[in-house]
Structures are given as C-alpha cells and as structure tokens.
Amino acid sequence: MIFENTKAFAQQLDAQDSLHKYRDEFHFPKVNDKQVIYFTGNSLGLQPKRAKAYVDEIMNDWANLAVEGHFYAEKPWWDYQERFSKPLSKIVGAKPAEVTVMNTLTVNLHLLMVSFYQPDAKRFKIICEEKAFPSDQYMLQSQVQFHGFKPEEAIVEINRREGEHTICTEDVIAKINEVGDELALVLIGGVNYYTGQVFNMKAITAAGHQVGAYVGWDLAHAAGNVKLELHDWNVDFAAWCSYKYMNAGPGNASGCFVHEKHHHNADLPRFAGWWGHNKERRFKMEPNFDPVHGADGWQISNLPVLSLAPYLASVEMFDEVGMDALIEKRDQLTAYLEFTLHEIDKEVQGNFEIITPSNPSERACQLSVFLHGEGRSLFDYLMKNGVIVDWREPNVIRLAPVPLYCSFEDMYNFGQILKRGILEK
Ligand SMILES: Cc1ncc(COP(=O)(O)O)c(C=O)c1O
Ligand SMILES: Nc1ccccc1C(=O)C[C@H](N)C(=O)O
C-alpha cells in the first residue's frame, strides 16, 4: 500500500480497521486534558476497562464468601488458572495442558531452569544473546554459580557483527554447533527488548536440539505480540510476563509453557509445592508429591487470584480478537509509523536511524530509533505534549504502536509533534 503522511489518510486507515473499536476498551492517561499517544505498551500495557469487574468479582467473593470462595465462588479460586488454558494456549501456539500462569517472569525462568538446566562437568554451557535484558543476565549468572560454575566459562553470548545492531540467525546456529556437546541450554529473549528484533525461534530451537541441548525462551516482549507456535516448534519451555502486550497490570502474574513431551518425565527435577500436586488428591494432605501431568505440575503455591483476575480479562479479549487479526494490524501500523518517521526525517533534515530490522518477519510491534543529534530535551518535549515514549541514553527512543489500542491517526499526530519538537528546539 502507498502511504500518505496526512491526517485524512490516517483517519481513512482507522475507518477501515476492524480492531479500531478496541481502543475504547482501554483507559488512557491524559496530558493537557487530551488522551495520550501511548508507545510504551512494551513496558506496561494500558488497563482494559473490563479488568476492574474481574478484580471486583474476587473482592466481592472474598467479602461475601471468605474461605468458601476457594470452592464456591462463581469462578472458584482453587483452579482459577485453568480458565487460562484454552485462550492462553491459542495466544502462544500451545496445547491447553502446556500452559499455566503463576509467579512472575524471572522467578518462573529460575524455576524452569531447575528442570531444564542440569549441568555436568561436560555439558554445562548456556547460550544467550549479547545484551540480554539485565534480569536474564543476573538470572543466568546466579544459576551457573549455584551449580558451581563460573559465568565467564559457562555463559556464551552471541554477538552482533561489527557495525550491526541485530543478531544474525546464522551466527546463533553456528555458535550452537561450535559449543556442541558442551551446550546444556539455549535461553534467549524471543523479541529483544532493546532492538525489537524477533529471533527465528523455530530454527534456533531445532539447532539446539540437534546438539542435545534444551531450548527455552523468555517471551516477555513476544507474548501477545508475535505469532508463536511453541508446541510445533518443539520448544522445551518458555515464560512471559503479563504486564506488557498482555495488559494485565503492573508486576502481574507470568505465563509459562512446558512442552507436553516433558509432562510425564518423572526424572526431571523440579521445585514442588502443593498446587502442583495431583488435583483430585490435593486436599488429602498426602506426604508424597504426585505432580499434575501438565504445565500446572510446575505450580507451587496457591494462586494469587487478585493478580490473575485482570490477566483473565485481558486473555479473554485476546481470544475475541485473535492473534491473526492483531498481527495483520500490527504490521500495517508499524509500517505506517516507519513511513511517518522517514517522512518527518526528510522534513526536518534529521538523521534518524531505525535499528529494528525493516524486514517484517524479523520485527513485531516495536521500532527502536536513534535520534542522532537530538537529546533528552526532545524526550521531555514529547512527554509534555502527550506522547509517552521510552528513552534510553544516549538518544534511542523505543516506540511500540500496540495494535489493540493505538490508531493510525496517533502515528500521524506523533509525527507532527516530533517535527515541532525538533524544529522548535
Ligand atoms: C526480556 C525481559 N526479561 C525479563 C524481564 C523482567 O521481568 P520480571 O521483573 O517480571 O521478572 C523483562 C521486563 O521487565 C524483560 O523485558
Ligand atoms: N516491569 C518494569 C517495572 C519498572 C520499570 C520497567 C519495567 C519493565 O518492564 C521494563 C521492560 N522490561 C522493558 O523492556 O523496558
């Protein structure tokens, strides 16, 4: 499609957009009494209006039923997580028994590493991407140290090529083959938080398995954003947070995937708790752990239902919309933002550099842009003028035009505000 950088054209795209109505399903912060242009759904998604009723329901059941709510609430608390199985499994391309919700992201990755990182003197290395999200780096360092290894010997990072911003799939695969039978685990962010690069999860997972390693993914920036086929890609495990593209609220419960091929493996170590115990026998208070055969078997504590409630509201909305429709709009919206940036760059004779891949199969919702020659004052200008963006020193802005609630007109208006911010400097 040939784009135009005009308000009328943007409005026409909104008029043709079948998801445009979902914008009204969200609460937007306001600046100067006007709804903001929100580009930070990759950090904290907006609040779906329907989330409050789900939380209120639990508060009311707690007030009216107290302990009886575990079994007699309309949505009983004791197996509340099962309500996620079907809709969440569709979002990540899994079978219903392969997903569960519990804890928070880094905690879940640690717990899954208990099962899927069992190093020995020969096979002890972990491959991850250079500049992984810091929490992942700390997690991996502390895991290898916990097993008595040195991070500098056990952790192998895949580097970018000289002068490039993103990582080549061939380089990941070459490194996997080079580390070979010393490789215990590949654990990478499926979408890089900084560049927005989407990794070829299918090819990398297959390459890891070829040399006998387990392969897991941190899907913080991928869940609800990219098309995932975790079951078919044969991924061993994955975890994601719910507060970014999944709009479940700050710090809320994480989702996990464990491939069904591992569900009956009694030799796989795990840290257990009563919520992972055989559902029918859970309240018989037996001494020996008999795990549920499914991702639910990795549950530990009884569920934080107040935190699951807004997540459930959101997952049901995703189910209504469907990932295919979402992705179709995502690609058009991201492309329109990219076009707008190029247009404004020309108009202001700027020097913008988009470091996110331009190939649609290697990117999703986010564009990360170097605004060469600009400084923090531009970020302040944008924020003051109702554009919520994420700024990383020295001058990278990350823009996530989330398809559920951002509009084409937002992209046009953002371009105009950006232009004024640069010209008025
Ligand atoms: C890729 C990635 N991993 C891990 C985290 C940390 O997650 P949490 O604080 O929920 O454990 C984030 C974001 O906060 C992230 O973007
Ligand atoms: N949960 C947070 C709490 C406080 C500040 C940032 C976050 C983020 O999620 C950052 C996000 N991971 C990012 O890619 O920027």
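Cβ atoms here come from the backbone N, Cα and C positions, even for glycine.
The Cβ of Ser135 (pyridoxal 5'-phosphate binding site) lies under 8 Å from the Cβ of Leu105, Thr106, each of these being in the same chain and 6 or more residues away along the sequence. The DSSP secondary structure for Ser135 (pyridoxal 5'-phosphate binding site) is helix. Taken from TrEMBL, the feature pyridoxal 5'-phosphate binding site covers Leu105, Thr106, Phe133, Pro134, Ser135, Asp136, Asp218, His221, Tyr243, Trp274, Asn302.
Marked as domain 'Aminotransferase class V' by TrEMBL: 168-248.
What TrEMBL records for Lys244 is N6-(pyridoxal phosphate)lysine. Listed in sequence order, the residues of the same chain lying 6 or more apart from Lys244 (N6-(pyridoxal phosphate)lysine) and placing their CB within less than 8 Å of its CB are Gly41, Asn42, Ser43, Leu44, Gly45, Ala220, His221, Ala223, Gly224, Asn225.
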Taking a cut-off of under 6 Å between Cβ and any atom of ligand 1, tell me which of the recorded positions Tyr243, Lys244, Asn302 pass.
none
Among the binding-site residues Phe133, Tyr243, which residue has its Cβ surrounded by the fewest other Cβ atoms within 10 Å?
Phe133
Per DSSP, three-state class assigned to Leu105 (pyridoxal 5'-phosphate binding site):
helix
CB neighbours of Asp218 (pyridoxal 5'-phosphate binding site) within 10 A?
27
